[in-house]
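Features reported for this protein in TrEMBL:
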type	residues	note
DOMAIN	51-317	domain 'G-protein coupled receptors family 1 profile'
TRANSMEM	36-61	transmembrane segment
TRANSMEM	68-90	transmembrane segment
TRANSMEM	110-132	transmembrane segment
TRANSMEM	153-179	transmembrane segment
TRANSMEM	199-228	transmembrane segment
TRANSMEM	269-292	transmembrane segment
TRANSMEM	298-317	transmembrane segment
Amino acid sequence: MGGTTVNSTIYTTVWTDTEMTVQPFQVYTHYYQRQIIAALCITATCLGIVGNGLVIIAVVVSKKLRTITNVFVVNLSISDLLACSFLPWQAVAVLSEAGWPLHGADWLCVISAAFMFISNGCSTTNLALIALNRWIGITKSVSTTRRIYTRCSIAGMVLFSWIMPICLTVIPTTIGFGQLGYEPKYSTCSWLKDVPMSYIMNILIPIFYFPIQFLVILLCYVSIYRYVIKSSRRMTRHDINSISGATGCVDRAMQKMIWKRQIAVTKNLLHIVLAFVIFVTPSFIAMIPLGYDWSIRMTPYAAAIVFFSSCINPIIYGTSHPDFKETFSRMIFCKKWRNTTQTANVSQPMTQMMT
């Protein structure tokens, strides 16, 4: 089998005993493949709306969760919630074999594609901001953390996480570098492949949405790991050589308790980052124009996997984050709420950096 590209349409050469025919290349060879993609979209929608909604409500009702890091967590949940809300239109698109089925409502497909790309960019930027927050909170002093994370700076970071993907989505469409709508090749709401200079978006999106944020995340967590190892050794030596009184022992025990809690929260965040990288990486690999039939056919599945990154975070919070786990349990099982205010102000660079 060979493939050639003519006017952005891929054709496949089919040999028979009597003649050679040229047929348009089809991403979906069977209709059930479309149904699988649609089912993944609907499943991600249900899980994402419920899960991210719980995260937002949990932060509102629990004082322990009103921390600096959770500002970015809520922002992440809002972006994921928006993405999940527009996923059903992706299911409508992929189930249609003859173009966008809702004639006269093409704007729904355009808006769906726009929110998907904006949400994706916002999510990756938020994860980088969370990693940076954890690095500063654990490795820097209390005064340094408070000086960096003021109300204005936090608002600016949140605003930047939205402005960057919005600009990358809106500006190219206004200056002719790309167009959003129903993409017939993959039967999805996305960037149109046949628009002149649309290849620029295949370059800009991977550059601004993935490698920069991933590098920040990687450097932050590697630095945190090295700092934790050194600090743990130092604390061990201090315990061996310590001859302080009872008060000193109590203070030391409190510090160790806070430290262990911060490490647990940081591990939870690391799980979220690893899950996101696992879910998102196939999509960015799929953007590489390899030209093979199998790589083209795998692209919709890679995109569907990205959709699940919007609903996986609440599951991780509910299973491994100490404060979210407790709050989710009380919300779901309607347990009596304890009016406790944790000492988030005492150790802002630590307990205020929770996720």
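Keep in mind that glycine also has a Cβ here, set from the backbone N, Cα and C atoms.
Tertiary neighbourhood of the transmembrane segment (68-90): same-chain residues 38, 41-42, 44-45, 47-49, 52-53, 55-56, 59, 108-109, 111-112, 115-116, 118-120, 122-123, 126-127, 129-130, 133-134, 137, 149, 154, 157-158, 161-162, 188-189, 265, 269, 307, 309-311, 313-314, 348, 352-355, selected by CB-CB distance under 8 Å and a gap of 6+ residues from either end. Below 8 A, the CB atoms of the transmembrane segment (298-317) and the transmembrane segment (153-179) form no more than two pairs separated by six or more positions in the chain, fewer than 3 in all.
This prediction places the mean pLDDT of the domain 'G-protein coupled receptors family 1 profile' (51-317) at 83.
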